[in-house]
Amino acid sequence: MDERPETELISIPATPRASTPEILTPSGQRSPRPATKSSSAAWTPTSFISPRFLSPIGTPMKRVLVNMKGYLEEVGHLTKLNPQDAWLPITESRNGNAHYAAFHNLNAGVGFQALVLPVAFAFLGWSWGILSLTIAYCWQLYTLWILVQLHEAVPGKRYNRYVELAQAAFGERLGVWLALFPTVYLSAGTATALILIGGETMKLFFQIVCGPLCTSNPLSTVEWYLVFTSLCIVLSQLPNLNSIAGLSLIGAVTAITYSTMVWVLSVSQPRPATISYEPLSMPSASGSLFSVLNALGIVAFAFRGHNLALEIQSTMPSTFKHPAHVPMWRGAKVAYFFIALCIFPISIGGFWAYGNLMPSGGMLAALYAFHIHDIPRGLLATAFLLVVFNCLSSFQIYSMPAFDSFEAGYTSRTNKPCSIWVRSGFRVFFGFVSFFIGVALPFLSSLAGLLGGLTLPVTFAYPCFMWVLIKKPSKYSFNWYFHWGLGWLGVAFSLAFSIGGIWSMVTNGLKLKFFKPN
């Protein structure tokens, strides 16, 4: 009987199972694509690449399509990433998460500006003070939600910076004109104010710790500014926004701690004998009106950080299944819960403790003026030291947009990333420019009302306009009327608060009033 040749008895080996393909995440790191279960979910750009579609295709082509499917699912909206973004400090790292968002938003959203809120209450009184603070808090929380949603409002595009979103909504030229000045001030101007406040606080901390027994020659105020600026420059060498998450955590913890310490120490001490809760009035009706407008500007200035919202969100990976707005909003909600726990007690407790006797410098000036001999020096020194730490941390996050602009100009001209020496040079330059501006204009920290009015549209008005222009709700619908009305109301408040701030500046004179030690 004939037998078949041995070659015909050789069985074909089973095709080895393909390993999980690797994908390139937005942060530039390779990671395995997680296995996904088939479901009847909504259509996605890769829905057509199904097992039934792949069954008649050979193994090499199947691997190519599986790799392509994993990449498209990870990239999500087929986002067009600008290669230059990988060289810039804001978008260099995209491995952020909800915890980082909470740290950054809390560090940017609460700080020295909360300490002057009782000054606004001295002109507004109990009812109008609490009402205006509550309305401003809810309003800015809604506009923050708008910015978070608009970050990827257009498929295939991530608006990584506030000015980019303004250009998309208002046009290339008009967007720059409307958004550039307020965002630049909120970055560079706040950094300068932090140098002034941090230097003054270091000086007072030294005086408290050293006491009357100190025999060394004390540094002058300008020299303390220089010491604080040098510390800021050292910390600013961290490369990108995600790398300062630890500093933002320190800034958030110190802000919560010293805010709580300040109002607890104030309400625990006996109130001044001549205290009164009647709103401060001016000799003329116009003077009283402008004082109220300036006080409302101080309330508006207390809510900052919207100019950094898109920058913080751009540090997170975004996919079709896991968009960046989910962890961003989760972190923002946690941050603004703690912000509310800081600003409302310090406003109400500070006004209860000092009434209309509140110094124009705010809570720290009141503690120093009224209770320098009542509170243990250790507690008072701790509060001042926490303010220094918070100012050092806040300087980093508010300076990051300026660093990003410097490096964007350099990389666009040279078509290569900044070297470590160029990057360090930009940051040293920015730190000392802020120092010289602070020395030349030491009254910046006393212009809270004026600056609150000038920068108010970034927080309260522009997001409403951008929502209408990008989302395009039905014309004359409630959504359309609501956002246009809210935006124009913010613009009107901006003009009114700016006028009130200018009047207060002219009336009271240009002088540094954040601290006024006896």
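Placement of Cβ uses the backbone N, Cα and C atoms for every residue, glycine included.
Note: TrEMBL annotation is automatic and uncurated.
What TrEMBL records for 26-43 is compositional bias 'Polar residues'.
For 95-506, the entry in TrEMBL reads domain 'Amino acid transporter transmembrane'.
Annotated region 'Disordered' per TrEMBL: 1-43, in sequence order.
If you look up TrEMBL, you'll see 106-128 (among others) marked as transmembrane segment.
Residues or ranges marked as transmembrane segment by TrEMBL: 134-154 (among others).
The feature transmembrane segment is assigned by TrEMBL to 174-197 (among others).
For 245-265 (among others), the entry in TrEMBL reads transmembrane segment. Through the fold, the transmembrane segment (245-265) approaches residues 96, 99-100, 102-104, 106-108, 110-111, 114-115, 235, 238, 335, 338, 341-343, 345-346, 349-350, 353, 363-364, 367, 371, 375, 379-380, 382-383, 386-387, 389-390, 392-394, 396-397 of its own chain, all at least 6 residues removed from its boundaries and within a Cβ separation under 8 Å.
Taking Cβ pairs closer than 8 Å, the transmembrane segment (285-303) reaches residues 109, 113-114, 116-117, 119-124, 132-133, 136-137, 140, 343, 448-453, 455-456, 459-460, 493, 496-501, 503-504, 507 in its own chain, all 6 or more past its ends. Annotated transmembrane segment per TrEMBL: 285-303 (among others), in sequence order.
Marked as transmembrane segment by TrEMBL: 334-355 (among others). Residues 98, 101-106, 109-110, 114-115, 117-118, 120-122, 126, 129-130, 133, 137, 141, 144, 252, 255-256, 259-260, 262-264, 266-267, 269, 271-272, 275-277, 302, 362-363, 366, 370 of the same chain lie 6 or more positions beyond the ends of the transmembrane segment (334-355) yet place their CB under 8 Å from a CB of it.
Summarising the annotation, TrEMBL assigns transmembrane segment to 375-399 (among others).
The transmembrane segment annotation in TrEMBL covers 420-441 (among others).
Per TrEMBL, the feature transmembrane segment maps to 447-469 (among others).
A Cβ distance under 8 Å defines the sequence-distant neighbours of the transmembrane segment (481-506), meaning residues of its chain 6+ beyond its ends; these are 139, 287, 289-297, 300, 447-454, 456-457, 459-462, 464-465, 467-468, 473. The transmembrane segment annotation in TrEMBL covers 481-506 (among others).
Distant neighbours of the transmembrane segment (375-399): 104, 107-108, 111-112, 186-188, 190-191, 194-195, 197-198, 201-202, 204-205, 208-209, 211, 228, 231-232, 235-236, 238, 241, 244, 247-248, 250-252, 254-255, 257-258, 261-262, 265, 269, 308, 364, 367-368, 427, 430-431, 434; these residues of the same chain sit at least 6 beyond its ends, with a Cβ under 8 Å from one of its Cβ atoms. Distant neighbours of the transmembrane segment (134-154): 77, 79, 162, 165, 168, 299-300, 302-303, 306, 309-310, 313-314, 318, 323-325, 328-329, 332, 336, 340, 343, 459-460, 463-464, 466-467, 470-471, 486; these residues of the same chain sit at least 6 beyond its ends, with a Cβ under 8 Å from one of its Cβ atoms.
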